[in-house]
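Participant: Checked TrEMBL, it gives:
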COILED    4-65  coiled coil
DOMAIN    142-204  domain 'T-SNARE coiled-coil homology'
TRANSMEM  214-234  transmembrane segment
Amino acid sequence: MDSLASISEELADIEGQINDILRALSNGFQKLEKIKDTNRRSRQLEELTDKMRECKRLIKDFDREVKDLEGGNDSNTNKMLSERKQAMIKELNSYVALKKQHASTLDNKRIDLFDGPGENYGEENVLLASNMTNQQLVDRGNKMMDETDEAIERSKKVVQETVNVGTETAAALKAQTEQMSRIVNELDSIHFSLKKASKLVKELGRQIATDKCIMALLFIIVLGVIAIIIVKLVNPNNKDIQDIPGLAPPAQSRKLLWNSG
């Protein structure tokens, strides 16, 4: 395990799982030997079969991982990995053979349980046929054929109904798939529209901010002009304040001619 971990943690993990299953198989078959009840033996054998299937799947995963790493490993490492895989396959095959042996024994026991009534039933059929005339035998045979034909027709109907249900299900799934595709396209359109609307809102916000700055600047300029006008009107002789272009200077006080004389 440690040597595999140095090569690949994935390989080490898979080998650990395989070893756990092989130990469980060993303990399971030992337990199976002690079980006498046929039904319990059958259930135990089914559980062991499931474990063998899982072990086979993990060995395939192990083999795929080895092949993926084969190019980057040296020949000794590849040989060691191949030997480990073969050892796991050999051990699994031994459990498969053991499972077949127990299954065969279990089937033989089941046959022994049902052989008695079957023989008596066959003898009763022979006695019943020996007491029937040829016409009765023919009628009996025709009746059995009719019953077989009816059973076949019922089976055909069941198959046809199953096919119809499958066709309807496939059509419904196709319709749902198309509907989902349309929904996805609509969601894409909505997402695009939302992005575009968000962009427009941001641009509008920037324009509003710019307009507010311009209005504030104009308002300040107007206030400055009004202030200058007021100062000029209050103190027209103040030389520190320049005349506003377009605004006439304040009228000079005129002296009368007779006052000058």
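Start at 1 and count along the chain as shown; that gives each residue its number.
Just so you know, glycine gets a Cβ as well, placed from its N, Cα and C.
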Participant: DSSP on the domain 'T-SNARE coiled-coil homology' (142-204): how many residues come out helix, how many strand, how many coil?
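Facilitator: The domain 'T-SNARE coiled-coil homology' (142-204) comes out at 63 helix, 0 strand, 0 coil.
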Participant: Within the coiled coil (4-65) only, compute the mean pLDDT.
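Facilitator: Across the residues of the coiled coil (4-65) the model's pLDDT averages 87 on the 0 to 100 scale.
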